[in-house]
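Novice: Quick one: this structure, given as structure tokens, is what I'll be asking you about.
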């Protein structure tokens, strides 16, 4: 995968437009989770250090396209950036006709989704974005799977289009895990439905040595093995699909599980052998014996890809399985990559972020890359690098 990198370019005196993913939760005008903003800071600082005139753009929320709405304004993000960088970061509302920015200065452009044609990837809008800069930097991996004006279109028309450090690091880490993984490679794929992660499961079944499944997905695999799942969430129509995946790759199944009679924060948790699940039981986590077996496998792996918690970890009594696996990944010598919103929440909860080799910032983009799909925003950078 060959793309131009921002780190290799001379940016002195150049107008540099950086597409970041600053789509953060905001409540009452205050940023509630700053992870994405923090991830973008090194790129912004580097462009300023290189003497560029820097314009940063992003989307936020899902406003009606072409219509300004205060609740989806990037004003709280501009305020946060001003504080974090110790300098005023003006928010520019009307910028499609051009913006005055001097070398060493930084401005934040208002929500790109307020511009008509952003989602449809209109060439006219993309050309207006491109006219704002000498160099376009795509640094938002989380939106790389969307062909939109500020992620894909602008890269077609900008004088120079390159990958920012965040995007480049993401592509490198995913390439390391998927192209030539050190063996043995183990993947954890968990979620409520096989149907939503079918492409991921099939793709990883071709690459991995072992595939640990969790959540509702695991229940479908248990049913495929003829084991009782009680009233747990599972997909009866995908039992044959689960059998086909298990025929391609080793899918170790739980030997014990944690069950409850109801899905509730105060539900009583009971550990049972997987064979003893009753008709009115719901499986909400893997049991301690299973957690130990899976943990040993993780510690013996050389590459680990983790997507999804293996239990309902939001309720502490059903979080022990996910906690045990998180700690095992942290202890493992493997190159480990983790992605997906719930996975990141589990990593935070169990305090293992420092011990995981790479944490992906992109939810949908992460999954599409793992599925082997082409990410439009990356593809256009590759074409421009030729």
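We number each residue from 1, going along the chain as drawn.
Placement of Cβ uses the backbone N, Cα and C atoms for every residue, glycine included.
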Novice: Starting from the ATP binding annotation in Swiss-Prot that includes 197, 340, 341, 342, 343, which of 170, 314, 379, 382 is the extra site residue?
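Specialist: Among 170, 314, 379, 382, only 314 appears alongside 197, 340, 341, 342, 343 as ATP-binding in Swiss-Prot.
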Novice: Among 146, 183, 384, find me the residue Swiss-Prot lists at the same substrate site as 21, 22, 23, 36, 59, 60, 61, 62, 113.
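Specialist: Candidate listed by Swiss-Prot for the same site: 146.
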Novice: By the count of other Cβ atoms within 10 Å, pick out the sparsest of the binding-site residues 21, 314, 342.
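Specialist: Counting other Cβ atoms within 10 Å of each of the binding-site residues 21, 314, 342 gives the minimum at 314.
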Novice: What are the sequence-distant neighbours of residue 23 (substrate binding site), meaning same chain, six or more residues apart, C-beta distance under 8 angstroms?
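Specialist: In sequence order, 36, 58, 59, 60, 61, 142, 143 meet the Cβ cut-off.
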Novice: Could you check which of the binding-site residues 197, 314, 341 is the closest Cα neighbour of residue 113 (substrate binding site)?
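Specialist: Going through 197, 314, 341 one by one, the Cα closest to that of residue 113 (substrate binding site) is 341.
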Novice: Compute the C-alpha separation of residue 343 (ATP binding site) from residue 21 (substrate binding site), stating it in Å without decimals.
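Specialist: Spelling it out, the Cα of residue 343 (ATP binding site) and the Cα of residue 21 (substrate binding site) are 19 Å apart.
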Novice: Look at each of the binding-site residues, 61, 340, 341, and point out the one with the fewest other Cβ atoms around it within 10 Å.
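Specialist: Comparing Cβ neighbour counts within 10 Å for the binding-site residues 61, 340, 341 gives 341.
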Novice: Looking at the binding-site residues 314, 341, 342, whose Cα is closest in space to that of residue 21 (substrate binding site)?
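Specialist: Given the candidates 314, 341, 342, the nearest one is 341.
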